[in-house]
Structures are given as C-alpha cells and as structure tokens.
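The next block holds one structure in the form of structure tokens; read it before the comments.
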C-alpha cells in the first residue's frame, strides 16, 4: 500500500492502539508522545524499542500534514494553511482571547484563552454564496487523523502547554456533519484523558443545517455544543445564501434543534452572518425572535468579512447594534462576535485562495 494511503497514527483511539501494539502498554507510551509532547517523528520516542519504531514508521505515518503558510494578525490570531499527503490544502485558525478571572484572594487574574477553528473537508458541498471555500467545490472528506493533526500541529507550533485549556470549533472549511463518522470519532479522540484531554463541552460543531444529521448527532449524545449557521429568517433568502436550504428548510432545522439534547448550562448557538441590506433590518430581528421561541438559544451576530469578487457588503455598526439590542430586549441573548484576523486572510478559504494565486 502506498504511504499516502496508509492510515495515520492519529486515526486511532487509545483502545484501538492497544489492540494493535503489543504489549498493550506501548499504546499509552505512543499516546503520551503524540499528545503530551507533540512528537513530530517516531525517532523522538526514546522509550520505544527500535523494532517498534521501525514498524510504526512503515505502517502508521505521523507526518501527514505540513504547515505551508501562516499569517499572524495584530490581535494575535494565526491563520494556518496545511498541505496534506495528497497535496490538497486546508485551513485552520488559532484565535487568541483575553480571559479575566477572580482568584481565591479576590484578585483579577488575566490570562490568554485559545480557540482553534478547524476544517472538516477539502472544499465543501454546501456551496454557500458568501463563502470563498465554495468556489473550489468539494474534493474529499478529511480523515480522522487530519482532524487531530490540525490541533497537534497548532499546539506544537505555539508551544501550548498540554494542560492549557483549549476550545475546538468545527467551523473551518467544509461541513462537519457531512463527514459524520470521521468527525464524531475525532471528538472521541480529542477528549481522551490520556491524549489531548479536550473536554467535549469545549468542542462546538457548527453546521449549515443538515436536519437529519442534527437528529443523528443528538441520538449519539456526545455532549458537545451545537451551533447552527442560520444567517436568514426566511427560506427565500436562506436558499440564496445556503442552497442546501432547499433540501433542509428553516422549519426542519428548528424542529431538529428542539429535539437536540442540550447541557442545561449551555445554549444552542445560532450564528447569524449579517450582510448589509440583506438581513440586517429590525423586521428580520423580529422574525428571528419568533423562530427561536421555545429554544434555549443564544444568537451570535457576525460581521460579513468581505473578500475580492464578492458583491456582499459589511453591515454598518449602528445596524448591528440595533439588531443586537432588539433581540436582548426581547429576552434572546445576543452578542456581536469580536472580529478577529481582519488584517489577515481570516475568512474560510481566503488564505488557500491567496496561495493558489501566488500572492504573498
């Protein structure tokens, strides 16, 4: 079998590795090197016998993803372009947030909080009219290992301590629920205590609204957070923005969300990309309040981030504030997402497009 076709070491849960590697305690040693020390080669794994190292090199590739380009924003955000074994590329973004907590002495402690937005597919089938990723069409699903390697590469590149809290958002290139089996297995591997130990409650899946898959995800009860890319309050506009809405309309999505098991401490996030003169009116806000009636919801308003060639425009700040204030007055928790990476190619597909066009 060609090396590029072999499963990666990152494709396996700890229990699966215990079945493969003998004696089974070797699996935990390998996991420790992969996810606690972020080893980039088997030669670094000094407590493994030479025969095992050679077997791992031959049959379980570790170097499945390379950083080919990255851009750092003034706000600390970093956009990554990764090259895969078949030379396709995907993007991920490290978002750096400022966190403020009160310690046991009542003192304010300031720290940094990390969120990583990762991709699920090379390209995308959904074809959203506002998204640059759609321009390239769909190529393939990411493997389980390619999900995992995005986080490992970013933690290694930024020397993020193994015990540093980190949030994962499945909101990069592609539709995660269209890659259901690989996505859900990645959730499992990310959360393994002997591995990266990223709590499932720190993982959020963002979907364009495949109602049947939302139902299926709810039945698995993975205890992850759900975010819906809604972006419109009527089917006509949503079908323009997200053509898949013709198959899964707003009513079917809302029905699936109402059946989704939600942690009582959390809410279902509804992402609403605000586009000037498209969906930024108070009339739209009124319809949104009505749609979300009976749902434990939070609305996250997002400024449209323009890219070359799009006809859509960024909304005015005053209209965003009016929209937010109206929802809050009606009892719907609403925030405006802090824009990150405005001075870099932070929107999905932008860095990939720049690299393809040979731009620096």
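Each residue, glycine too, has its Cβ placed from N, Cα and C.
Noted in Swiss-Prot for the protein shown:
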type	residues	note
ACT_SITE	91	active site, proton acceptor
ACT_SITE	348	active site, S-methylcysteine intermediate
BINDING	124, 128, 131	[4Fe-4S] cluster binding site
BINDING	174, 175, 206, 229, 230, 231, 305	S-adenosyl-L-methionine binding site
DISULFID	117-348	disulfide bond
DOMAIN	110-343	domain 'Radical SAM core'
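Positions of Swiss-Prot features highlighted on the structure.
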residue: 91; record: active site, proton acceptor; DSSP (3 states): strand
residue: 117; record: disulfide bond; DSSP (3 states): strand
residue: 124; record: [4Fe-4S] cluster binding site; DSSP (3 states): coil
residue: 131; record: [4Fe-4S] cluster binding site; DSSP (3 states): coil
residue: 174; record: S-adenosyl-L-methionine binding site; DSSP (3 states): coil
residue: 206; record: S-adenosyl-L-methionine binding site; DSSP (3 states): strand
residue: 229; record: S-adenosyl-L-methionine binding site; DSSP (3 states): strand
residue: 305; record: S-adenosyl-L-methionine binding site; DSSP (3 states): coil
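There are 21 other CB atoms within 10 A of the CB of residue 131 ([4Fe-4S] cluster binding site), with all protein chains counted. Note on proximity: among 91, 117, 124, 128, 131, the recorded positions of the record, the Cα nearest residue 175 (S-adenosyl-L-methionine binding site) is that of 124. Counting every protein chain shown, 20 other Cβ atoms lie within 10 Å of the Cβ of residue 305 (S-adenosyl-L-methionine binding site). Put simply, residue 124 ([4Fe-4S] cluster binding site) is 4 Å from residue 174 (S-adenosyl-L-methionine binding site) when counted between their Cα atoms.
Among the recorded positions listed (91, 117, 124, 128), 128 has its Cα nearest to the Cα of residue 230 (S-adenosyl-L-methionine binding site). Listed binding-site residues: 206, 229; maximum Cβ neighbour count within 10 Å falls on 229. A C-beta separation below 8 Å, combined with a sequence spacing of at least six in one chain, links residue 117 (disulfide bond) to 92, 93, 95, 169, 171, 172.
When pLDDT is averaged over the domain 'Radical SAM core' (110-343), the result is 94. When the Cα of residue 128 ([4Fe-4S] cluster binding site) is compared against those of the binding-site residues 206, 229, 305, the shortest separation belongs to 229. Once Cβ contacts within 10 Å are tallied over all protein chains shown, the binding-site residues 124, 128, 230 are led by 230. Between the C-alpha atoms of residue 231 (S-adenosyl-L-methionine binding site) and residue 124 ([4Fe-4S] cluster binding site), the distance comes to 18 Å.
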